[in-house]
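Peer 1: Encoded as C-alpha cells, here's the structure I'll be asking about.
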Amino acid sequence: MNYLVMISLALLLMTGVESARDAYIANDRNCVYTCALNPYCDSECKKNGADSGYCQWFGRFGNACWCKNLPDKVPIRIPGECRGR
C-alpha cells in the first residue's frame with residue numbers, strides 16, 4: 001500500500017501540470033489588446049491557446065480582450081502601467 005502511494009506521488013511530481021486562467025491578454029509591454037468586436041478577441045485569444053475570448057466593453061482597462069482558459073505561458077495584464085503604445 002505504501003509503495004502505491006509513493007509511486008503515485010512520484011508520478012504526480014514528474015508530470016507537469018498545465019494550468020489555465022481567465023484574464024486580459026497583454027503584449028510584451030503590459031498593454032491590453034484594444035477591441036471593438038468579439039470576433040477579433042476570439043481570434044486573438046484562440047491564436048494564443050485560449051478556449052475563447054470576447055471584447056470586454058467598459059472594463060477595468062477600457063475596451064479590451066478577455067480570454068478564457070489562457071495558458072500560463074501567454075502574458076496577461078498585470079498591475080502597473082502600460083509601457084508605451
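From the backbone N, Cα and C atoms, a Cβ is placed for every residue, glycine too.
The structure displayed is predicted, hence computed values, not measured ones.
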Peer 1: So, in Swiss-Prot, which cysteine from C31, C41 is disulfide-paired with C65?
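Peer 2: So the cysteine paired with C65 in Swiss-Prot is C41.
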Peer 1: Need the cross-check against Swiss-Prot: the disulphide partner of C35, picked from C31, C45, C55.
Peer 2: C55
Peer 1: Kindly report the helix/strand/coil residue split of the domain 'LCN-type CS-alpha/beta' (21-83) according to DSSP, in that order.
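Peer 2: DSSP composition of the domain 'LCN-type CS-alpha/beta' (21-83): 10 helix, 27 strand, 26 coil.
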Peer 1: Starting from C65 (disulfide bond), work out which of the recorded positions listed here (C31, C45, C82, R83) have their Cα within 10 Å, and give them in sequence order.
Peer 2: C45
Peer 1: List, in sequence order, those disulfide-bonded residues among C31, C35, C67 whose Cα sits within 10 Å of the Cα of R83 (arginine amide).
Peer 2: C31
Peer 1: Looking only at C-alpha atoms, tell me how far C45 (disulfide bond) is from C31 (disulfide bond), rounded to the nearest Å.
Peer 2: 15
